[in-house]
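Participant: Sharing a structure below in structure tokens format, with a few things to ask.
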Amino acid sequence: MKKKVYKKKGTRSKSTVGFVLILAIIAFTSFVMINGLQVGIYEILPVKDNVNYGLDLTGGVYVVLEAKEAKGDPVTDEKINRAIAIIQERIDGLGVSEPIIARQGENRIRVSIPDMQDQKEALDVIGKTAQLEFVGPDGEVVLTGERVKESNAVYQTDETGARSAVVTLKFNEAGTEAFAEATAKYINQVIEIKLDGEVISAPQVQTKITGGEAVITGMANIEEAGNLATLIQAGALPVELEPVEVRTIGPTLGQDSLEKSIIGGAIGISLVFAFMLFYYRVPGFIADLALIVYVLLNFLVYSLIGVTITLPGVAGIILSIGMAVDANVIIFERIKEELRIGKSLGAAIDSGFKEAFSSIFDGNVTVVIAGLVLFALGSGTVKGFAVTLLIGTAISMFTALTVTRHLLKMFVNMQIVKNTKFYGA
Amino acid sequence: MKKKFNIIGKRKFFFIFSTILMIICIGSLLINGLNYGIDFKGGTIIQIEMHQTFKTDEIREITDTFDESADITYAGEEQTQLMINTQESLNEEQIESLFSKFQEKYDLKGKDLLSSEKVSATIGDEFKTQSILASVIAVLLILVYITFRFEFLFGFSAVLALAHDLIAVLGAYSIFGVEVNSPFIAAMLTILGFSVNDTIVIFDRIRENRRKYKKSQLFELTNDSVNQTMGRSINTTLCVLLAIISLYLMGVQSIQDFILPLIIGFISGSYSTIFIASSFWYVAQEKRQAAKA
């Protein structure tokens with residue numbers, strides 16, 4: 001009566017084929033995810049090139065700006081959203097890759113710019129109110145940045161042949177008119193060009209200008225001129241923003257941290273694999289396979305939904321592999337018990353999975369509760385960690401309950417290892 | 001037959017041990033408090049690669065012109081990195097001029113400014129409030145869930161074991177004065193999720209075994225359930241510790257900030273699951289049965 005169920009004709013060869021096939025799929029997928037693959041014009045990138053890395057790994061500048069409430073001028077949603085759009089335009093002017101600009105809470109804006117090292121330059125570009133004013137000698141504001149249609153940084157050669165960087169301005173219709181009026185009024189006098197109240201250029205009016213163009217000189221170099229042109233083009237921020245959190249991470253530090261974490265993680269995971277193999281033998285071997293599937297699925301999801309991997313995120317991934325073992329351990333311990341009370345191998349495996357389900361499910365729900373709270377209330381890196389935790393929990397349940405189960409049954413059906421001692425009895 | 005441990009029978013010993021542990025932890029928290037880092041307190045941290053060992057006196061000559069109370073510490077594998085930690089936030093100009101003084105004196109390149117962080121104090125306060133709020137909400141939700149799936153007494157016992165683990169981690173941080181930053185909060189909430197996960201496996205077994213035991217066999221029921229699930233609890237914790245301790249030993253600061261509380265929390269979690277949670281449930285359940293009878 002022992003193992004009656006598994007003596008069905010054909011099951012053995014069918015299981016062997018299935019098992020070998022799955023092994024091949026796992027091996028192939030692992031290979032593709034590590035090395036990438038190119039078939040004709042289609043190319044699959046290695047997974048390490050396909051995920052986003054956080055600032056703590058790539059290096060860059062991270063800034064949180066807080067909108068300051070002015071008297072009688074409250075901070076509104078509309079203003080914050082407009083400020084975000086302006087900051088976006090300004091950063092685009094810098095030509096950096098993939099900046100993230102997002103609202104945080106009521107009155108804050110979070111900006112992260114990868115590959116940027118100069119904190120001061122970053123703040124100059126994103127935090128400046130950039131209210132441009134043309135002020136006459138009598139203190140009258142004749143024109144503001146709102147009337148500027150276009151602004152560019154160019155090189156200009158003066159009469160002596162010296163080349164210098166300048167910012168050119170083109171006004172809109174109303175601006176052209178106002179500028180012509182002002183230059184007529186203040187001929188042979190100075191019109192100051194002020195940025196946020198600070199004089200950046202003070203040219204003397206030679207003649208009435210009707211063409212609607214002006215030039216700001218006195219730039220140290222073309223970069224400075226470029227930044228100013230971008231600021232003016234994007235327009236003034238509707239609120240004053242104050243940096244409340246500024247972090248700069250150099251590129252070497254992040255790279256070094258990532259390499260070390262990968263080595264540490266690899267050693268840790270190998271130890272876990274070895275432990276499972278030696279302690280649980282056949283089921284342990286199957287669990288190791290399921291864990292590989294777990295890791296592959298995790299990275300697949302990361303690259304599909306574009307999870308940003310940060311250092312705590314890496315720790316979270318390693319941790320989740322350790323935890324993914326848990327469901328397997330619960331099941332195998334249960335199988336052992338069932339074998340001990342005299343059940344056949346097949347029956348023990350079946351009831352092992354069946355009886356273990358409720359505790360795996362309830363246990364994982366509590367982890368999900370903690371993860372959701374983290375996601376809802378945490379910010380930045382904490383949120384990123386919560387996402388990896390939630391994805392990991394969902395996938396680990398799937399791999400333990402289906403992948404481990406099917407592989408284990410197939411392996412048993414192959415009848416290579418029949419002695420229940422190797423299954424924990 | 002497997003060896004059976006009389007865990008519930010020796011519960012007094014573990015209760016006393018844990019009570020003393022909790023008193024020490026809470027005592028230290030009340031007396032020493034926690035050593036809050038930049039994320040909570042605000043301030044500036046600047047990390048510079050010096051390419052050589054250095055004396056803090058030389059460093060002070062420069063930093064004193066900015067903030068005399070700045071902390072100077074060593075970092076990096078060969079202790080060639082410098083960390084400057086100020087309580088008052090320096091602004092961008094100050095950070096730039098501070099680094100340029102180092103550049104001049106030690107002939108450094110721009111990329112040797114490994115990182116600089118500046119956080120204002122108000123952000124830190126908000127972060128603290130939010131973290132506490134998050135923990136409280138998570139605990140309540142978990143309590144509700146267990147009450148719904150099991151019964152209130154199980155939920156209460158699990159939360160008690162959970163509090164034990166969180167206090168143990170906080171206490172260890174307070175006693176050894178380890179700096180608390182934002183990864184610590186993520187770690188605490190992770191412990192919060194997994195500590196209950198651990199406990200639930202035993203409670204699930206008690207729930208299942210209840211059918212097989214008589215009411216009068218409460219002691220056997222509880223003790224057998226603990227014994228049946230103990231192997232799993234130890235092995236899972238062992239696997240998790242193998243994975244994260246390897247990562248810890250690689251010495252990446254921000255990962256260590258996250259992993260150290262986890263290591264303490266998982267050890268405490270495994271202990272409280274086996275020795276505290278079900279013992280407490282047993283005592284309370286026995287009282288309840290006696291009251292009903």
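Backbone N, Cα and C define each Cβ position, glycine as well.
Any TrEMBL annotation is an automated prediction that lacks curation.
TrEMBL lists these features:
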TRANSMEM  A:20-42  transmembrane segment
DOMAIN    A:80-137  domain 'Protein translocase subunit SecDF P1'
DOMAIN    A:140-239  domain 'SecDF P1 head subdomain'
DOMAIN    A:241-411  domain 'Protein export membrane protein SecD/SecF C-terminal'
TRANSMEM  A:262-282  transmembrane segment
TRANSMEM  A:289-309  transmembrane segment
TRANSMEM  A:315-335  transmembrane segment
TRANSMEM  A:356-378  transmembrane segment
TRANSMEM  A:384-408  transmembrane segment
Participant: Take the C-beta pairs under 8 A between the transmembrane segment (A:262-282) and each of A:20-42, A:289-309, A:315-335, A:356-378, A:384-408. Which stretch has the highest count?
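Facilitator: Going through each listed stretch, the top one turns out to be A:315-335.
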Participant: Does the transmembrane segment (A:289-309) come near the transmembrane segment (A:384-408), with 3+ Cβ pairs under 8 Å (pairs 6 or more apart)?
Facilitator: yes
Participant: Sequence gap of 6 or more, Cβ distance under 8 Å, 3 or more pairs: do the transmembrane segment (A:315-335) and the transmembrane segment (A:20-42) meet that?
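Facilitator: In this chain the transmembrane segment (A:315-335) does not contact the transmembrane segment (A:20-42) - fewer than 3 Cβ pairs sit under 8 Å.
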Participant: At a C-beta cut-off of under 8 Å, are there same-chain residues at least 6 beyond the transmembrane segment (A:20-42) that contact it? List them, or none.
Facilitator: 49, 289, 292-293, 296, 299-300, 407, 410
Participant: To what whole number does the mean pLDDT across the domain 'SecDF P1 head subdomain' (A:140-239) round?
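Facilitator: Average per-residue pLDDT within the domain 'SecDF P1 head subdomain' (A:140-239): 86.
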Participant: When secondary structure is assigned with DSSP, how many helix, strand and coil residues does the domain 'Protein translocase subunit SecDF P1' (A:80-137) contain?
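Facilitator: Across the domain 'Protein translocase subunit SecDF P1' (A:80-137), the residues distribute as 24 helix, 16 strand, 18 coil.
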Participant: If you run through the domain 'SecDF P1 head subdomain' (A:140-239) with DSSP, how many residues end up as helix, strand and coil?
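Facilitator: Taking each residue of the domain 'SecDF P1 head subdomain' (A:140-239) in turn, the totals are 29 helix, 37 strand, 34 coil.
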